[in-house]
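Student: Pulled the feature table from TrEMBL, pasting it below:
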type    : residues           : note
BINDING : 669, 673, 786, 790 : Zn(2+) binding site
COILED  : 878-905            : coiled coil
DOMAIN  : 71-829             : domain 'Alanyl-transfer RNA synthetases family profile'
């Protein structure tokens, strides 16, 4: 009979469940049980009820146990956290957000990277951590670790998962980390030991790394059979968080789902669903440098990660993560909201109609959406936002087409996700309504696009010849205009048994990249489809084709929840333009310019990029004409499109702008006005705009300046802008007669022709107020003549960071700035790099007597200088860090030179004592570099002016360094350059210099160096 476990006063006891073969009978005496770690009653009663009844808490991991006895996921998570917190003294921290903070070189969240690198500020809270435990939210759907395409196809891949982790920062290492892990798995969770296999790093000769026998021996001492301790190479058991940065060998713990006494060692790391990795213990010992070499970290650290989903699968006696209580409530909610059969866990060919795959996709993706939106990542058009947009649209597609669910199913699952995860991550509960709103808005937009896309694909397939590829131009319109991910297009086509013409599609991608890459205005003049030539303009006017009414481009409002609403616009095709000539008709597949009677598209002008979007023919919703650029010429707005089908004058079209791209341009254009005002406010009224360029990504502003903008002035400019943003001023816009507008005091205008009437944009002050006679309102705010599109309130800018400032020519400066989330990220990056610079500064102040150590520090300063120069961060902070780094580089160079001189002087003293002013001195001396060897020669000649000196220094690499100097008494008969050349030639090397001093190198082959020395007298 199993003996009772120790108890902790006030908490229910842990006891093994006697019928369960997984219960260990070998727990060492004297080791306390985890207090209330797993609070589960063996009969399946709620834990609270069991505790109240005085019942014991048990774990059971036996396949013979029923579902009622399985521990809930919440208790599994809690057991992990409490085990390390209460039994092993770890500090419990909340999960970091899934959005990476501060470090442009890090693909995924790792809040402790500064500790691993030693760059953490010594006075920061982070620096005080020694042992930490948490449950970290993780997303893998882009970049190096990308599981998106596998999600749904099997039962264990996820885009979002929870990583249970414990860390040690210079505290414990391999022995303790492995021991804790083994204790938790076998004694707390009571997982059968014979089902566990551990792997360790088997070494890599190419990197000079031997096998991690220390780790292997730890596992053997813990009682793991040798047949269950397995070595694996670099790709399996050496962990790196990116191309550079902290890394080290790791040991993984794998679980055999089958068991039964078999030996499953051959299935470890072979992709078998029966033997899966559950825990990875990483021993941070090295830092991967930019050159690819490994340098030891100053301190050893431990970073472990165990996927909660896989652990719960084991403890709940399941074979699929989706069968655990982390997913079953969501799967049940999906079933209630759709018309599909209940989830059965089928995969592959058995999953007819991919219904079960759809369940898994939706259940996984809605978890990811909830976590990302809560952490400030919203579906968008670049970076993490683009990845999330793809995830949302993939989920919507499976909801709509496979599960046949009505609109709104995805958002209706949010309360269930919050119920499952909310206790662990309370921020989900606080943001539940916002999550639902964002999902609903994006789902509504995509469902419309999805329906159009489905019709487009079906209609195109019907018209295709048998055994042909799907046309690339149609796929491009889906990809570029409706936002269909390419993999989704491939999946839809795969279901119909056809494939995409990938080669033609890639050509369109390259062509689009070239179009987007145009930077110089002159390069666009050669576009024969969007820039009307003089003859075509005359023909349009003589044919009484009216100028385009583009006033609908200003038709947008600020709706609920602060979201902008853009109205579609109906228009008629008046003329088509291609190859510098006007046409009434353009065939399918051709690129052309479309002239309409009216448009809501913004044409490139006033320094603002043109809109993008698409147009559809009325009555033919499944024919999409992507609008790639828009230009204004002679009053006519030309929309550059690729005709998917024949396009004719007279066609009735409905126009849709790319709202995200338009809104980004509006944000940056309004921010440009704020910046213009702030620059004049800080630098003086003489500061005049010279030019600007606004894109969805950033803004550029050129202006007159009397000198370089200082760090303090850059900070002041940003502060003025941020104050205006916080005030959330109303942006007033109105068209007024040009003559009246020019009377406004303090009006900002560039030297260009303006239309009449002209549009005035005023921040915070109504236009009628600034037009009042003798009004000075415009002197206190930003008032500009501007045809661009703007926000309706300044608060939507959120933030602005100037990330570049330089003088183009004397008297004219250019600044580049970003707004919103990009500005926030730039500031986080700046803080991260500032901490790294502080760390280097502290190490530079230490007394370093080793030349290689100082050279490494100098190299680190150089690398950091390059990162600071090339990374998007506040320019004022970049300048501050560059000043510090420049001084550090000088200090390092001076220190290296001083150490080399000291070393050279010592070596010269030894040689001087040895040779006593002999006329010729030839010898070999150890020297780390040719620079040091040359200094030894110089020192020796200074102390013995009548001596001619040649020194050789064999290196570990086989190279032999050579340096020499000839006494002035021997010139011109004796030349240092000839001497060095003669010696180095015999060593199959090269040399060069002057008659007085020379240096070179060669190869040491046997006694070649000694031979050269002996022959040198003949020169």
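Cβ from N, Cα, C; glycine included.
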Student: Beyond 669, 673, 786, 790, what residues of that chain have CB atoms within 8 A of the centre of the Zn(2+) site's CB atoms?
Tutor: 666, 670, 672, 731, 761, 784, 788, 789
Student: Other than its own, how many Cβ atoms are within 10 Å of the Cβ belonging to residue 669 (Zn(2+) binding site)?
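Tutor: Within a 10 Å radius of the Cβ of residue 669 (Zn(2+) binding site) lie 24 other Cβ atoms.
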Student: Would you count the other CB atoms within 10 A of the CB of residue 790 (Zn(2+) binding site), including those on all shown protein chains?
Tutor: 25
Student: Using a Cβ cut-off under 8 Å and a sequence separation of 6 or more, which residues in the same chain sit near residue 673 (Zn(2+) binding site)?
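Tutor: Result: 748, 761, 763, 782, 784, 786, 790.
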